[in-house]
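Step one of this worksheet: look at the structure below.
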Amino acid sequence: SIYFLRSLPLTLGRPKSFTIMQRGVSLFRRGALALRKNVGAMGSTALRAHNVEHRFAQTALRSYCQEAPKSGFQGGPTSPLGVLFFGVTSVGLYYYYRLVKDRSQKKQQEGATSDVQSHGRALLGGPFELVDSNGRKVTSEDFKGRYMLLYFGFTNCPDICPGELEKIGKMLKLMEADKDFNVSDFAPVFISVDPHRDSPAKMKTYGKDYDRRITWLTGSAEQVKKATKHYRVYFSQPKQGEDEEDYQVDHSIITYIVGPDGEFIDFYGQTTT
C-alpha cells in the first residue's frame with residue numbers, strides 16, 4: 001500500500017483505467033487497515049521510514065490510521081466517506097505531483113542552459129588548426145569576419161552527412177537569391193571526424209558532389225580531437241580489430257553557427273529544415 005501511495009501520481013498521470021482505480025482503492029483500504037493495526041506512531045519520521053515522503057500522503061495516512069471515528073459515526077477507510085476521502089486525496093496527490101514535476105523540469109532546463117552559457121557567453125567553440133583538401137594549413141582565424149556554418153562528419157557516412165551537406169547547399173542558394181543576404185559573408189565548413197581515412201585528396205574528391213563554397217578540412221587525430229572538444233562533438237572511434245576500411249563512425253548531427261568574431265551563436269540539428 002505504501003508503494004501504491006508512492007506510485008499513485010504516476011498512475012493518475014496515465015490514461016485512466018477503471019480496473020486500475022478499483023485495484024488502487026482496494027490496496028489503499030487494506031494498507032490503511034494494516035498500518036492502523038501494526039504501526040503505533042505515525043509521525044513524519046515513522047512515515048518516512050515506510051518511504052512515504054510527501055506531506056500530503058503523510059497527512060492522508062495519519063487520518064486513516066490514527067484518528068478514531070467519532071461516537072455514533074461509522075467511519076473508517078472502508079466506509080463511503082472513506083472512499084470519498086480517498087478520491088479527494090487522489091486528486092490532491094495528482095495535482096501535487098504535477099506541481100513537483102513542473103518545478104523539476106524547470107530546474108533541469110535552467111541547469112542545461114547554465115551548462116551552455118556563462119554570463120551570457122556560450123561555452124561552445126574555440127580555435128582549431130587543420131588542413132584543407134589541397135593540403136594547406138587552415139585555422140579558425142581564416143574565417144574571422146564571416147559567419148561560419150560548421151558541420152562535423154565523415155566521407156564514408158552513408159546518408160546522414162550527405163543529407164546535412166545538401167541542406168547547407170540549399171541554404172546558401174536561398175541566401176544567394178535573397179537580396180537581404182550577402183552569401184559571401186557565410187563560410188560553410190566541413191570537418192572530418194574520421195582523419196584515418198579522410199585524407200586531403202579523398203576530401204577533395206568527395207567535395208565535388210556538393211556546393212563548391214564548402215571548405216573541406218581534415219588533419220591528424222589529435223588536431224581533430226581538439227576541434228571536436230571545443231564544440232563538444234561526440235564521435236566514436238573504430239573498435240580494435242575492425243576492418244580498417246569498412247567501419248562506420250557515430251557522431252553528433254549538428255551544424256554550428258559561428259559569428260564573424262569567432263564566437264558561437266547558435267546551432268541546429270537534423271530535424272531543422
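Note that the numbers count up from 1, one per residue, in the order the chain is shown.
Cβ from N, Cα, C; glycine included.
The transmembrane segment annotation in TrEMBL covers 79-97.
Listed in sequence order, the residues of the same chain lying 6 or more apart from C157 (disulfide bond) and placing their CB within less than 8 Å of its CB are Q248, V249. Feature annotation from TrEMBL assigns disulfide bond to C157-C161.
In the three-state DSSP assignment, the secondary structure recorded for H251 (Cu cation binding site) is strand. Cβ-based neighbour count (10 Å, all protein chains) for H251 (Cu cation binding site) stands at 19. Taken from TrEMBL, the feature Cu cation binding site applies to C157, C161, H251.
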What DSSP gives for C157 (disulfide bond), in three states, is coil
For the recorded Cu cation site formed by C157, C161, H251, which further same-chain residues have Cβ atoms within 8 Å of the site's Cβ center?
-> F152, G153, F154, I160, E164, V193, V249, I253
Can you tell me how far the Cα of H251 (Cu cation binding site) sits from the Cα of C161 (disulfide bond), in Å?
-> 10
